[in-house]
Amino acid sequence: MRLLFTVLPSSASSLTVKINFSNIIFSVSLILHISFSDTPSQRVQFILGTEEDEEHAAHDLFTELDEICVKDGKDAEWKETARWLKFEEDVEDGGERWSKPYVATLSLHSLFELRSCIINGTVLLDMKASCIEEIADLVLDHQEAAHELDDSVRMKVREALLKRHHHQSDKKRNNLLPMVKSLTDSGRRQSEPHHMDKAGPATSPQPPPTNPDIKNGAPDNSQMDLSKVLEPQHQEEHHKFVDTHFMKKIPTGAEASNVLVGELDFLERSIVAFVRLSPAVLLTGLTEVPIPTRFLFILLGPDGKAQQYHEIGRSMATIMTDEIFHDVAYKAKDRSDLLAGIDEFLDQVTVLPPGEWDPSIRIEPPKSVPSQEKRKMPGVPNGTAVPVEEELHGEHHGPELQRTGRLFGGLILDVKRKVPFYLSDFKDGLNLQCVASFLFLYCACMSPVITFGGLLGEATEGRISAIESLLGASMTGVAYSLFAGQPLTILGSTGPVLVFEKILFKFCKDYDLSYLSLRTCIGLWTAFLCLILVATDASSLVCYITRFTEEAFAALICLIFIYEALEKLFHLGELYPINRHADLDKLTLAYCWCAEPDNPSNKTLELWNQRNITASAVPWSNFTVSECLDLQGQFIGSACGHHGPYTPDVLFWSSILFFSTFFLSTFLKQFKTSRYFPTRVRSMISDFAVFLTIVLMVLIDYLIGVPSQKLQVPSNFKPTRDDRGWFINPIGRNPWWTVLAALIPALLCTILIFMDQQITAVIINRKEHKLLKGGGYHLDLLMVGVMLAVCSIMGLPWFVAATVLSITHVNSLKLESESAAPGEQPRFLGIREQRLTGLFIFLLMGCSVFMTGALQFIPMPVLYGVFLYMGVSSLKGIQFFDRLKLFGMPAKHQPDFIYLRHVPLRKVHLFTLTQLTCLVLLWVTKTSPAAIVFPMMVLALVFIRKLLDFCFSKRELSYLDDLMPENKKKKLDDDSKKENLIVWKD
C-alpha cells in the first residue's frame, strides 16, 4: 500500500498533525536495535552527550544529490539534480537553472524505505580512503563479503561509481567542449583503467588534503585560493567554473555529504552503502564546490524504480540537513546509532494529510525556524517541558545596573568593563557601513542642532544661538564619543530644555538678573548633582524602567519627530503662500508691491526711529520682498498674501521633495531584501540609503531651480552677540545669593537630564540588540554632567541623549550573517559597536562653519523628510503599536503574538489603553507651557506601572511587559508545545 502522507522536517514547518512513529517503525521492521527502555530521543541525547574528539567534531554540511542511469549507454554520467545547504534547491526540468530554495517535503514511505536501507545496507564508519577509487573498492569488497553483490557485476558497478559527475555549474564548460571526441582521444581514455565513458574523465583521485586551510573543512571563503586545494591539472578548469557566488554562502569549515542514487539495468538487487570518511577527503570533481567530503550515501538498484530511488535520496539529503541527525551522523559508532537518529527525526516530523495539501507546492523558507536545542537536552523526560515562565523571568538588565554599595563602585566597574574594548571600539569602526551611518547621521543631526539654536536665539534675544549650538553639540558629542560607556548613544537637544531656558530667561528679565550668569550657576549645580548620582550608583534605579515606560517614552519621541516634520512642512505654506481663490482669467492683471503700513505698531515706529527713517520719504514701491519685510511694510495687490507675494511653486516643490525623500529612503533601505542586483550591491545601497537619497534630492533640486528654503549655517566663528564672550562669569552682575538659589531649579534640571539620558540608554542597551561590549550607565551620566558644566561656563546649550537619533544610529549599524544559505534569512548578529561614527559626526559638525558653501545647497524639506523617515522607522519594534492595531482587528485575523496565546484579549486591551492614556498625558504635558515638568511625568509612569500589579497577574505581565524579544518568546513557547506532544509508550 502506498502511503500518501507528506512529511515536513521539524525544523522548518509549523505544527499540523503529530503522531508517534516509533512504535509503527518497530512493528513494521520487526527488528529491535535499541531497547524498549530507551527511547530514540534518550538514545540520541546519550550519543550527543559523549565526549567530542577533534575527528568527530560536527561541521556545517553541504549535501549534493547526483543521479545516474546506465540505460543512457556509454554516455551515462552522474548528473547533479538537487543540493542542500539548509533548504532544497532542484535543477529545473529544463536543466537551465536552479529552483528557488524551498522547504523539502518528503513522503512517509520514502523515509521508511530509507530506514530499511540503513538496516539492510552497508554501513562503513570512519573509513580511511584518499580517493573515490579506494572508496568504491572498499564498499564493493564489503558488499561482496556479505554476499550482497555478485562477482559478475562488480566491475560494472565499479565503473558506474567512477563515472564522471556533471554539475549544473559545468554547463558553460560543456558548451565549450566539442560535441564529438576524436577517435584517438577516445581510445586513449578507454585503455586507461576505470575510465570508460565518452563524457569525459572519471572522478579523479585526490590524496588527503595537506593544506591547513582545508584540513578541517571548507577554506575561508574570503581568502580562498583554489590553487592550494586542487591538483595542477584541474586548477585551470576549476578557476573558471567554480560557482564563486555560491561558494561564499558556504560557511567556513563546511564539509560535503554526497548522495549518489540511480538505476543500473544489469542489477537484480539494490546496493546500499552509508560511508563516513575519517578524515574528510577532497574528491576533485565529485562535488560542485571544492570542499572535502565526509559522508557518502550510495543507492544503486534495478531499472524501473528511478523515482523511488530519487525520493529515498532526497530523504537522505534532507535528514542530513537536520541539526540533530547531522550531529548524530558525526558521532555515531555503529548502525544502531544512525537508526536512533532516524527514529528521533521521525518523531519530530509533521504529517500533512494527502487530501488537504498538494505535495507539488513548494513551501517558501520561513523567516525563522524554531530552535532545536531542546531535542539535545538530556535529563528532561519526554512528555515534560521546561516551564516557559522559568525562562521568561530572567533578569532583563545586565550587571551594569547592579548596586555595589561602594562610593563610585558602579563607575569603577563601568571603566573596568569598557577599558578592554577601548582599542577595538576604534578598529571596529573601520568599515564601509560606519561610513554610511556617519554620512546619514551627520545630515540628520545638523538640522535639529541649528534649528534648536535658532529657537534658543529667539527666546534669549541672541545670547545663545546657532553658532553656540553648533559648538556645544560638537564639543559634547566628541567628548561623549571618546569616553562614554555607550558610544552608540547620540546626544542632541530636547524640548523640555528649551522650555526651561525660556522660563529662566523670562525670570531673569523680569528681575533684572544676568541670564547667562544665573544659567551658569544652575548648570554647575546640575553637574554636581549628577556627580552625586554617579557616586551613589543611582543609575541602578533604571532597572525599574520596564517596557511599559520605555515604549511610552520612545513612542512619544517618535510621534513628536513625525509631527514636527509635518508641522515644518505646513509652516512653509505660511512663508510661501498660495492663492486659494485665484481667478485664472485675471492672472494678467495680478500685481504685488510694497506699501507703507496703514497703522504701524509701536514696535515698527521704534524701529524707524532707531534707523532715522521717515515713512513718507521711503520709496516703498521700489523695495524687494526682504527689504519690505525688514521695514515692516505691507503688501498690496491681488498677487500678494499676508507675508508677501504668492509663491505656490515653492510650497508644492517642497512637498514633492519632502515625501520623495521619505519614500525613497524607505525603499532604498529595504533594497537589501529585493531580487535585483548582486548581494553586495544591494547591501551597499541599503547601507547608504538615506545619504544617497539626500544627494539625489539635492541634485534634483539644483537642476530644477525652484528656490526652496535652504539650510542656513553660521559662516563666522564668533559669539552671536558682541557683548558676551566664550567664558561666562557665574556671578557677573547678579547678587551673591543667586549662586545658592540656583540649586532649586538645578534639582528640576537634574531630574530632566537623568530621565532623558537613562531611558534612552535603556532602549539602546536592550538585549535584543545583542550588544557584546556592555553599557555604562554611570560613566554615561558622568560624561553628560562634566560636559554640562563645560557648556554652562562657556555659555553653550546643554545636550543629552536623543532617543530617535540614538535608535536610528543603532539601526544603521546592524550586523547580519554574510554566509546565509540559499533561502535562509540573514541572521541578526548584533550591532557594530564602535566610537568612530559618533566621533566623526560631531567633529564634522564643528567644522560645518567652514563648509557653508556646500551645505547651503541642502533644501530644508529634504531634511524634514529625513526626520519623518527617522520617526517612522523608529516605530518598528515597538510592541505598543502592534497591540494598538488589535482594536480594529477581528480575532481570526489577529497575528500570532505570544501574549495573545497566554493573556485574555480584554486584558491586552486594558494594558494598551492604560499605556495609550499615559502617552496622551505625556504628549499634552510636553507640548504645553508646563513642559518643564515633563521628566516628572515620565517618572510617574514607573509608579503607574507598579499599580498594574493589582490588575494583572505576574504571568500576564511577563508576556506584556518584560524585555525579552518577541520572537524568542514565541520560539520558547513553540518548543514547549512540541515537547508536550511527545508521548512514549514503553
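Heads up, the Cβ atoms here are built off N, Cα and C, so glycines get one too.
What you see is a predicted model, and the numbers here were worked out from it, not measured in a lab.
The domain 'Band 3 cytoplasmic' annotation in TrEMBL covers 59-359.
Here TrEMBL flags 185-224 (among others) as region 'Disordered'.
Among the features that TrEMBL reports, compositional bias 'Basic and acidic residues' is placed at 186-198.
Per TrEMBL, region 'Disordered' is recorded for 362-382 (among others).
Residues or ranges marked as domain 'Bicarbonate transporter-like transmembrane' by TrEMBL: 406-965.
According to TrEMBL, the transmembrane segment annotation covers 435-457 (among others).
The transmembrane segment annotation in TrEMBL covers 469-493 (among others). When Cβ-Cβ distances below 8 Å are used as the criterion, the transmembrane segment (469-493) is approached by residues 400, 414, 417-418, 425, 441, 445, 448-450, 452-453, 456, 713-714, 760-761, 764-765, 774-780, 783-784, 786-787, 790-791, 794, 796-802, 805-806, 808-810, 813, 831, 833-835, 838-839, 841-843, 845-846, 848-849 of the same chain, each at least six residues removed from its ends.
Annotated transmembrane segment per TrEMBL: 513-536 (among others), in sequence order.
Annotation comment: TrEMBL describes 548-566 (among others) as transmembrane segment. Listed by sequence, the residues of this chain that lie at least six past the ends of the transmembrane segment (548-566) yet keep a Cβ under 8 A from its Cβ atoms are 495, 658, 759, 762-763, 803-804, 807, 864-865, 867-868, 870-872, 874-875, 878-881, 915, 918-919, 922-923, 926, 938, 941-942, 944-945, 948, 961, 963.
Among the features that TrEMBL reports, transmembrane segment is placed at 650-668 (among others).
The transmembrane segment feature in TrEMBL is assigned to 688-705 (among others).
Annotation comment: TrEMBL describes 736-755 (among others) as transmembrane segment. Only residues 6 or more beyond the boundaries of the transmembrane segment (736-755), in the same chain, are considered here, and those with a CB under 8 A from a CB of the stretch are 494, 496-497, 500, 504, 513, 517-518, 521-526, 529-530, 533, 538, 730, 781, 784-785, 788, 798, 800, 932-936, 938-939.
Among the features that TrEMBL reports, transmembrane segment is placed at 776-800 (among others). Nonlocal intrachain contacts for the transmembrane segment (776-800), taken as residues 6+ away from its ends with a CB within less than 8 angstroms of a stretch CB, comprise 400-401, 410-411, 413-415, 417-418, 452-453, 456, 463-464, 468-469, 471-473, 475-477, 479-480, 483-486, 489, 491-494, 497, 501, 516, 519-520, 522-524, 526-528, 530-531, 533-534, 537, 539, 542, 719, 724, 726-728, 730, 753-754, 756-758, 761.
The annotation transmembrane segment is assigned in TrEMBL to 839-869 (among others).
If you look up TrEMBL, you'll see 930-948 (among others) marked as transmembrane segment.
Recorded stretches compared: 513-536, 650-668, 688-705, 839-869; the one with the most Cβ pairs under 8 Å to the transmembrane segment (435-457) is 839-869.
Sequence-distant neighbours of the transmembrane segment (839-869) (same chain, 6+ residues past either end, Cβ-Cβ under 8 Å): 438, 441-449, 467, 470-471, 473-478, 481-482, 487, 490, 561-562, 564-566, 568-569, 572, 654-655, 657-662, 665-666, 690, 693-694, 697-698, 701-702, 708-717. Averaged across the domain 'Band 3 cytoplasmic' (59-359), pLDDT for the predicted model comes to 75.
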